[in-house]
Amino acid sequence: MSKLRVAVLGAGGRMGSEAVRAVRAAEESAGDMELVAALGRGDPLSTLVEAGATVAVDLTHPDAVMANVEFCVRHGIHAVVGTTGWTEERLAALRDWLADSPGTGVLIAPNFGIGAVLTMRFARQAARFFESVEIVELHHPGKADAPSGTAVRTAQLVAGAREEAGLPAQPDATGTALPGARGADVSGVPVHAVRLRGLVAHQEVLFGGEGELFTIRHDSMNRASFMPGVLLGIRRIAGAPGLTFGLEHFMELDG
Ligand SMILES: NC(=O)C1=CN([C@@H]2O[C@H](COP(=O)(O)OP(=O)(O)OC[C@H]3O[C@@H](n4cnc5c(N)ncnc54)[C@H](O)[C@@H]3O)[C@@H](O)[C@H]2O)C=CC1
Ligand SMILES: O=C(O)C1=N[C@H](C(=O)O)C[C@H](O)C1
């Protein structure tokens, strides 16, 4: 079987440099992929074509990711995307590009951490049983966006499950508040973002009912924690044309 020819975009960054290491390590151990390009800011995207990349991993910046993914899709290069910033409008544009490039696959993974994916799944399952829910995400102070893509996705999943179950809006008697004191409202779920030196990537989903609290917490202690998910995405994306949103679709969670 031919090797997957992998390119990493954002290769000089915190996640990108870890992904370069992970792909090289997989090349040594499993031998099913090879790193053919490592692009930093300012490197031309044509390098991907010249290097014959078949899968590109994007770990750049919300301002850069759209142009990168559009280039990949238009050139039939599968993309595994960890970069955040995927609004509904952006996803709609991506679906249009993919419609013009059948056979090309794009994975958007709000979080590559296996435990983070499970957190989202379990939060969705728990949502209908509790009157109240709030999300606290905690990250390193170098993070460009707030709230995190993971927290937004978690809130959307929780909100969807609440709506399906016919739950009313959450109880909250707040009348006066300093702006931001109650967090950001994501689909009716308050999301609070903490930025603190020493943190990597962490999330708590807090559920409350009468006389009962239930907390789901996930901690990524380093960026190596995301790499099994990145490699899973690289290995699966060529067999999944179109848009896959969320690593859970490659994890056989219902099997
Ligand atoms: N899905 C997941 O599991 C994870 C996602 N992320 C996301 O990945 C993204 C990157 O995070 P970090 O590595 O912490 O950021 P970072 O700032 O350390 O690295 C980003 C790198 O991308 C480079 N860059 C910017 N524009 C570029 C372009 N057009 N082409 C090539 N390189 C470009 C920058 O120079 C920098 O080296 C963020 O959106 C972050 O939220 C981060 C951790 C896990
Ligand atoms: O910027 C980060 O660090 C992370 N970004 C992703 C997000 O916004 O959810 C994933 C993880 O939380 C780390």
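Here the Cβ of each residue, glycine as well, is placed from N, Cα and C on the backbone.
Please treat TrEMBL annotations as automatic predictions, because they have not gone through curation.
What TrEMBL says about this one:
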type	residues	note
DOMAIN	5-112	domain 'Dihydrodipicolinate reductase N-terminal'
BINDING	Gly10, Ala11, Gly12, Gly13, Arg14, Met15, Gly82, Thr83, Thr84, Ala109, Pro110, Asn111, Phe112	NAD(+) binding site
DOMAIN	115-250	domain 'Dihydrodipicolinate reductase C-terminal'
ACT_SITE	His139	active site, proton donor/acceptor
BINDING	His140, Gly149, Thr150	(S)-2,3,4,5-tetrahydrodipicolinate binding site
ACT_SITE	Lys143	active site, proton donor
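With DSSP states grouped into helix (H, G, I), strand (E, B) and coil, the domain 'Dihydrodipicolinate reductase C-terminal' (115-250) comes out at 50 helix, 40 strand, 46 coil. The (S)-2,3,4,5-tetrahydrodipicolinate site is defined by His140, Gly149, Thr150, and by the 8 Å test on Cβ atoms against their centroid, the other residues of the chain that qualify are Thr84, Pro110, Asn111, Glu137, His139, Lys143, Asp145, Ser148, Ala151, Ala201, Gln203. Using a 10 angstroms CA-CA radius around Thr84 (NAD(+) binding site), the recorded positions that qualify from His139, His140, Gly149, Thr150 are Gly149, Thr150. In terms of DSSP secondary structure, the domain 'Dihydrodipicolinate reductase N-terminal' (5-112) contains 43 helix, 24 strand, 41 coil.
All protein chains shown were included, and the count of other CB atoms within 10 Å of the CB of Gly12 (NAD(+) binding site) stands at 13. Selection of the binding-site residues Gly10, Gly12, Arg14, Thr84, Gly149 by a Cβ distance under 6 Å from ligand 2 yields, in sequence order, Thr84, Gly149. Closest by Cα distance to His140 ((S)-2,3,4,5-tetrahydrodipicolinate binding site), from the binding-site residues Arg14, Gly82, Pro110, Phe112, is Arg14. Applying an 8 A CB threshold to same-chain residues 6+ apart, the list for His139 (active site, proton donor/acceptor) reads Ser148, Ala193, Val194, Arg195, Leu196, Leu199, Val200, Ala201, His202.
Taken in sequence order, the recorded positions His139, His140, Thr150 that lie near ligand 1, meaning a CB under 6 Å from one of its atoms, form an empty set.
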